[in-house]
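So that you can see what the record holds, here are the features copied from TrEMBL:
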- 5-381: domain 'DUF112' (DOMAIN)
- 7-36: transmembrane segment (TRANSMEM)
- 42-68: transmembrane segment (TRANSMEM)
- 89-118: transmembrane segment (TRANSMEM)
- 124-142: transmembrane segment (TRANSMEM)
- 151-169: transmembrane segment (TRANSMEM)
- 175-193: transmembrane segment (TRANSMEM)
- 214-243: transmembrane segment (TRANSMEM)
- 255-278: transmembrane segment (TRANSMEM)
- 299-320: transmembrane segment (TRANSMEM)
- 340-368: transmembrane segment (TRANSMEM)
- 380-396: transmembrane segment (TRANSMEM)
Amino acid sequence: MIEALSWILLGCLLGVFTGLMPGIHVNTIAVLFLAFSESNDLNIALLIVATSVVHSFVDFIPSILIGAPDTDSFLSVLPGHYFFLKGEGLYAIKLTAAGGIFSVLFCILLLPFFWLLIAGLAEFLYSLIPFILVALIALMVLSEKGGKKKWALATILLSGITGIIGLNSGSMQETLFPLVTGFFGSSTLVYSLTKEHSITEQKTGVFKEEKKTIIKGSFFSTVAGAIVSFFPSVGASTAAFLLGEFTKKISRNEFLVVLGGVNTANTIFSFAVLFLIGKARTGAAATVKQLIGLNETSLLLIFAAVLISASFGYIATDIIGKKAIKWILAVNYRNLSKYVLGLLFLLVLFLSGLYGMILFLVSTAIGLLPLSTGIKRTHCMAFLMFPTILLYLGFAA
């Protein structure tokens with residue numbers, strides 16, 4: 001028992017590291033440990049689970065404060081950076097953490113119902129994926145007003161074509177990072193460098209949020225997380241966007257609660273899907289599948305690791321968020337943006353090579369379109385939607 005707890009704690013610490021470091025994903029850690037592990041290595045499986053859960057909490061800190069997103073948190077750059085520029089960056093971080101921890105509780109309550117429903121609906125749900133995504137793209141264009149529709153359509157088409165070319169020309173691990181970083185990270189930093197602004201004094205006191213906002217947002221995010229955990233190529237950020245579009249009255253506060261909750265719920269339910277139908281929805285789940293047998297004992301241990309690491313992730317996010325706010329106030333934000341932009345450039349070159357750099361530059365240019373025309377930046381998500389539609393219609397390898 002003590003040995004298992006030690007591995008879970010190590011996983012929690014690794015989750016903090018991967019969450020704070022742009023470009024270092026849980027999948028990278030999972031692949032490294034898998035290479036040096038034997039089969040039926042439960043301890044490594046527990047470590048990977050803990051890393052995944054803590055990562056889902058902590059990765060909002062860099063995306064909110066410096067606009068350096070992870071593949072699961074890039075939509076938080078939008079409302080999160082808004083709060084940061086208002087002097088409420090810590091508040092935004094706390095909202096995502098609250099969504100995450102409450103979603104864990106709702107996951108426990110909803111898991112039996114999920115277990116009963118998902119097995120019988122598996123094939124039917126898979127058949128709907130391309131049609132759901134086409135409808136979503138139409139909704140994205142129609143959500144803009146007047147002349148902005150043409151800019152939305154142009155952004156969607158350019159993003160979609162870039163995604164088709166990029167994601168079909170190399171491994172997902174090599175091409176996804178430069179695309180996400182370009183569309184939602186470097187474009188934000190480049191645009192901010194064209195504007196004259198200073199960091200607003202950040203509030204660090206007690207933030208009060210209506211319990212109704214957190215509970216409602218966490219519940220809906222858990223349901224959405226359960227749904228997207230079943231669909232390949234449909235991630236937490238897509239679910240948060242859908243909730244935002246179908247719930248027109250959703251506030252920025254609720255959106256961050258939803259995004260934090262859906263991120264964590266998606267992580268948890270991906271392991272449930274693994275044990276239920278034997279399909280790995282995430283890289284971490286695929287690694288766990290190779291390491292241990294899918295039985296009741298391992299399932300109980302996995303979810304024990306989830307509860308421990310979720311508690312750790314919530315506390316760590318609060319502590320690190322407060323320290324990060326103080327640190328960022330002490331630096332020159334314009335220079336920080338330049339340094340982060342340079343770091344992202346080097347990470348893309350190191351992790352994805354010259355071809356990844358080309359994708360990075362192209363996606364950065366496209367990512368500047370929404371910022372300069374005033375349309376929703378979520379239109380750039382078409383870079384994932386187009387390849388997925390083609391894949392499920394049988395037009396992609």
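Cβ coordinates come from backbone N, Cα and C, glycine included.
Here the structure is a predicted model, which means the values were calculated and not measured.
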Highest-contact recorded stretch vs the transmembrane segment (299-320), from 89-118, 151-169, 255-278, CB pairs under 8 Å
89-118
Contact yes or no, the transmembrane segment (175-193) and the transmembrane segment (340-368), 3+ Cβ pairs under 8 Å, gap 6+:
yes
Answer yes if the transmembrane segment (380-396) and the transmembrane segment (255-278) have at least three CB pairs under 8 Å among residue pairs 6 or more apart in sequence, and no otherwise.
no
Go through 42-68, 89-118, 124-142, 151-169, 255-278 and flag the stretch with the largest number of C-beta pairs under 8 Å relative to the transmembrane segment (340-368).
151-169
Per the Cβ filter (under 8 Å) with a sequence gap of at least 6 from its ends, the transmembrane segment (89-118) is approached by 56-57, 60-61, 64-65, 76, 79-80, 83, 202-204, 207, 209, 214-215, 217-219, 221-223, 225-226, 230, 253, 256-265, 268-269, 272-273, 276-277, 306-307, 310-311, 313-314, 317-318, 321-322, 325, 328
